[in-house]
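**Student:** Sending over a structure as structure tokens; questions will come in a sec.
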Amino acid sequence: MTVVPGDHLLEPEAAGGGGGDPPQGGCVSGGGCDRYEPLPPALPAAGEQDCCGERVVINISGLRFETQLKTLCQFPETLLGDPKRRMRYFDPLRNEYFFDRNRPSFDAILYYYQSGGRIRRPVNVPIDIFSEEIRFYQLGEEAMEKFREDEGFLREEERPLPRRDFQRQVWLLFEYPESSGPARGIAIVSVLVILISIVIFCLETLPEFRDEKDYPASPSQDVFEAANNSTSGASSGASSFSDPFFVVETLCIIWFSFELLVRFFACPSKATFSRNIMNLIDIVAIIPYFITLGTELAERQGNGQQAMSLAILRVIRLVRVFRIFKLSRHSKGLQILGQTLKASMRELGLLIFFLFIGVILFSSAVYFAEADDPSSGFNSIPDAFWWAVVTMTTVGYGDMHPVTIGGKIVGSLCAIAGVLTIALPVPVIVSNFNYFYHRETEGEEQAQYMHVGSCQHLSSSAEELRKARSNSTLSKSEYMVIEEGGMNHSAFPQTPFKTGNSTATCTTNNNPNSCVNIKKIFTDV
């Protein structure tokens with residue numbers, strides 16, 4: 001019995017011999033029955049055409065696998081489960097399907113069909129190669145999500161967009177610099193304003209620019225300031241608004257406030273926007289200016305009387321340094337670092353807990369070891385906390401050090417314990433960093449292939465992708481016609497746009513199924 005993929009017609013049995021029902025046929029040649037020809041067997045139903053119990057041979061780079069068609073038909077939306085998709089790989093001479101793919105990976109791919117949807121990566125196959133195989137065989141997003149969860153990857157959060165067109169355009173303009181040229185220009189302006197604000201914050205602390213009333217000074221300067229506070233208070237308050245640093249700071253705050261308000265009114269969810277840590281940093285970055293401005297106005301109305309404690313005012317001014325974290329909105333590196341720290345909070349908590357135990361243990365030990373030496377600087381266990389922290393982190397400032405033999409032994413053990421304690425959670429943190437880094441890199445590579453927005457924007461994206469891929473050399477198996485449900489091929493007079501190793505088409509009707517998601521069909525050979 002021979003299996004012919006596509007038609008799957010069984011060879012007719014001989015007309016003569018055998019028992020059972022007589023063969024059905026018809027007479028040919030003239031009015032009489034000169035000879036008898038059996039009729040071909042009836043074609044199976046549409047749903048049963050390929051889902052029979054016949055066996056099929058799959059050749060993966062020379063390694064032959066054999067399975068039943070009904071096993072593959074469990075997942076008709078995949079490459080092997082759809083007879084039309086896998087037909088292009090059929091070799092009629094050898095009566096088998098040939099795929100020039102990774103051989104060790106196909107053990108897990110075939111097990112996916114045999115087990116009813118369980119995906120397991122072979123230990124000798126790298127994660128990135130197995131991910132490419134899942135995409136090539138089109139196992140679907142659900143299989144990819146299961147695989148990533150089994151490998152310990154974090155689930156990517158969806159980024160909703162506003163529903164209104166104008167609101168969505170404004171949100172993309174200020175939140176996603178890579179969305180368009182104007183958005184990239186706004187991001188550059190925002191980065192420049194942040195850098196100018198940080199430079200001004202540092203320069204105004206120089207002695208020639210420093211306002212002695214707001215920043216610490218030497219004791220003699222404090223006495224001189226107190227003596228002349230009554231005479232110079234009003235004039236200094238009057239000149240504060242004409243200070244160049246104040247003018248530049250005001251311009252920066254105007255931009256920060258404008259950017260924050262626009263993003264707040266254009267965001268898809270006000271509650272989510274208010275809980276975002278980056279937005280809270282934006283709010284904290286502009287609050288010190290308004291507090292300082294209110295203090296200056298209160299001093300002018302109070303004839304130079306101090307309206308706020310200098311210590312509180314200096315702390316408020318110090319909060320301005322958090323503006324540097326605003327750069328993380330425009331820096332992929334800082335975002336990766338923040339995501340790594342967030343994902344490694346448990347490991348960091350364990351590290352701090354271990355260091356806390358070590359500090360208590362070794363500070364107590366060194367205190368009692370140095371108790372008999374009057375020249376020792378370890379006057380109490382709390383005083384030894386600083387020495388224990390510096391020693392366990394292998395910094396070693398040298399301001400406090402043991403002098404006795406017992407103290408030196410304790411110090412040696414403290415340093416060794418610190419090295420071991422810090423080294424334990426480092427591999428996990430590095431693994432998280434590598435994951436976020438490779439995910440960001442993979443996202444940037446696939447961003448040029450992904451279909452973003454509606455169908456009406458596809459033509460321009462297709463033209464750009466054709467230009468980008470015009471010089472690439474592709475094998476015959478790289479271009480795959482992806483057929484989605486509900487698509488009418490007669491409605492596609494235009495040339496399909498090709499994304500590396502996949503082919504996608506899009507109509508201009510209002511059917512959401514007429515657009516093919518490039519992320520779902522992206523394959524690699």
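Placed from the backbone N, Cα and C atoms, the Cβ positions cover glycine too.
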**Student:** Per the topological domain annotation in Swiss-Prot, are Ile277 and Glu347 located on the same side of the membrane?
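**Tutor:** Result: yes, Ile277 and Glu347 share a side in Swiss-Prot.
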**Student:** Which candidate in Asn229, Asn488, Asn501 appears in Swiss-Prot with the annotation N-linked glycosylation site?
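**Tutor:** That would be Asn229, per the N-linked glycosylation site annotation in Swiss-Prot.
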**Student:** Out of Tyr137, Tyr437, Tyr449, which one does Swiss-Prot list as phosphotyrosine?
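**Tutor:** The residue tagged phosphotyrosine by Swiss-Prot is Tyr449.
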**Student:** Among all the protein chains here, how many other CB atoms are within 10 A of the CB of Cys267 (S-palmitoyl cysteine)?
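**Tutor:** Cβ-Cβ neighbours of Cys267 (S-palmitoyl cysteine) within 10 Å number 22.
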**Student:** Looking only at the topological domain 'Extracellular' (299-312), report the model's average pLDDT.
**Tutor:** 65
**Student:** Using a Cβ cut-off of under 8 Å, list the residues of the same chain at least 6 residues beyond the topological domain 'Extracellular' (368-408) that approach it.
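**Tutor:** Distant contacts of the topological domain 'Extracellular' (368-408): 355, 358-359, 362, 414-415, 417-419, 421-422.
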